[in-house]
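*Asks:* Sharing a structure with you now.
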Amino acid sequence: MPQHDQLHRYLFENFAVRGELVTVSETLQQILENHDYPQPVKNVLAELLVATSLLTATLKFDGDITVQLQGDGPMSLAVINGNNKQQMRGVARVQGEIPENADLKTLVGNGYVVITITPSEGERYQGVVGLEGDTLAACLEDYFMRSEQLPTRLFIRTGDVDGKPAAGGMLLQIMPAQNAQQDDFDHLATLTETIKTEELLTLPANEVLWRLYHEEEVTVYDPQDVEFKCTCSRERCADALKTLPDEEVDSILAEEGEIDMHCDYCGNHYLFNAMDIAEIRNNASPADPQVH
C-alpha cells in the first residue's frame, strides 16, 4: 500500500554519514492533476519533487528552495518550489512532440539545473550546474561536489502504487567537518543502491531502512510530513496587476469585460472586473472571491 508523504532523516552511528528517505504520492498527484503532461514529463516532475524534498531537508535554516531544469528541448522548464516545512508545488512547460520513451536529455536538450536557496533571513544563493549527467540524481550529485565539496549520493525511484503516481528517494551525505572514510561511504551507497522501486514506494520507512542497513547501527529521527501547498492568492494577483500600465489593464477590461489570472501551479483562477481594478488602484483589497 502507498505510504504517507513523509521525509525521514537518519544517521549512521558508526560512520560520519547522514541519510534521508522520502516517499510522495498525494503531493505528486496534486502537482500533476491540473495538467495533461506526457508520461516522461510526469516522471521528471516526480524526480524533481523527490530531489527538492531531499535537498530542502539539508538546509539548516528557515527558507525556500527552488530546483529547476531549463533547456532548449521540448520541455523548456520543469520546476519544483519547496520550503523547510516540506510544502511543495511544481509545474512544467512543454512544447512540441515528446516521444514516449524520452529520457532527460531528450526532454531538456542543451540545458542546466538551477538550485536557488532563499533564506527567510540572509542573502539568496543560486547554484547552476550543466546537464552533463544522464539522470537528475547524477546532476545533483555533481552540484553538491562543486558547491559544498560534500560527497553525496541520491537514489530516486518513480512508479505507480494502486494505479496512482508515486515516487521516492534516498540521500546519503558525508557530514561536514567529520572524519568520514570514503570506503565507508561507498559501502553504504552500495547497500542503498539495492533498494527496489516497489519496496521504497510501498513499505514503511523503518522496514526499508532495516532491509538495507540491518547490520549497521542507525538512528532514525521523527518524520516530517510532505504536502502540496500553493502560495498564490488574490492579494498577490492584485499586487501583480498594480505593476502593469493602466492602459494595458484597461484594454483587457474593454475587450474581455474582466481579467482572468490563472495559477499554473494549482489551477486556481482569480477574476477581476472594472470595480475590482478601481479598488486596487485606490489601494483597497478586492472583495470578490477566487474562482476554481
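Any Cβ shown, glycine's included, is placed from N, Cα and C.
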*Asks:* Going by Swiss-Prot, tell me which one of Cys230, Cys237 is disulfide-bonded to Cys232.
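*Replies:* Swiss-Prot lists the disulfide between Cys232 and Cys230.
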*Asks:* Can you tell me the three-state DSSP label for Cys266 (disulfide bond)?
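*Replies:* Once the DSSP labels are grouped into three classes, Cys266 (disulfide bond) ends up as coil.
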*Asks:* Residues with Cβ closer than 8 Å to the Cβ of Cys266 (disulfide bond), same chain and 6+ apart in sequence?
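*Replies:* Those within reach of Cys266 (disulfide bond), by Cβ under 8 Å and sequence separation of 6 or more, are Gln30, Asn34, Arg89, Phe228, Cys230, Cys232.
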*Asks:* Around the C-beta of Cys263 (disulfide bond), how many further C-beta atoms are within 10 angstroms, looking at every protein chain?
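*Replies:* Cβ-Cβ neighbours of Cys263 (disulfide bond) within 10 Å number 19.
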